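S.K.: Handing you a structure now.
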Amino acid sequence: MQLTSFTDYGLRALIYMASLPGGKMTSISEVTEVYGVSRNHMVKIINQLSRAGLVMAVRGKNGGIRLGKPAETIRIGDVVRELEPLTLVNCSHEFCHITPACRLKQVLQQAVQNFLQELDQYTLADMVKENPPLYKLLLVE
């Protein structure tokens, strides 16, 4: 299973925010500069993460973005569930005439559940704690 760029960049943005010391605020512009992605694309991602409570966005002169809750409580599986369309195949009568007898959909759904259960074992904090090479790459001190 390959994650969409939307989910990939969402995870990257969260990793960047989790890497900042003491819940420091950052900006969408800073995140897009670090990863070299489109600002418009990142705005959509941050908006969805904000609606999900994973990012807190503060408007105004001293505004910015930061994690909406502690990194220790943000499970990677939950982020993927929030950002990723998890339907692997389109099983409807109009697209496939074997849908009533097909068992593939159940197998694929179970595979997705197993994938998410594995991701649920890790938090955002697990991705960033005691990771000096990451801090160096992100230019976070």
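The backbone N, Cα and C atoms fix where each Cβ goes, and this holds for glycine too.
Sharing the feature lines straight out of Swiss-Prot:
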{"type": "DNA_BIND", "residues": "28-51", "note": "DNA-binding region"}
{"type": "BINDING", "residues": "CYS91, CYS96, CYS102", "note": "[2Fe-2S] cluster binding site"}
{"type": "DOMAIN", "residues": "2-129", "note": "domain 'HTH rrf2-type'"}
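Please go over these features one by one and say how buried each is and what sits next to it.
M.R.: Here the DNA-binding region (28-51) has Cβ contacts under 8 Å with residues 5-6, 9-10, 12-14, 16-17, 57, 65, 68, 79, 82-83, 138-139 of the same chain, all six or more residues outside its ends.
Of all Cβ atoms in the protein chains displayed, 14 besides its own lie within 10 Å of the Cβ of CYS96 ([2Fe-2S] cluster binding site).
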S.K.: Go ahead and report the DSSP secondary structure tallies for the domain 'HTH rrf2-type' (2-129): helix first, then strand, then coil.
M.R.: 74 helix, 11 strand, 43 coil
S.K.: Restricting to the chain of CYS102 ([2Fe-2S] cluster binding site) and a gap of 6 or more, list residues whose Cβ falls under 8 Å of its Cβ, or answer none.
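M.R.: Same-chain residues close to CYS102 ([2Fe-2S] cluster binding site) (Cβ under 8 Å, separated by 6 or more) are CYS91, CYS96.
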S.K.: Just how many other Cβ atoms lie inside 10 Å of the Cβ on CYS91 ([2Fe-2S] cluster binding site)?
M.R.: 17
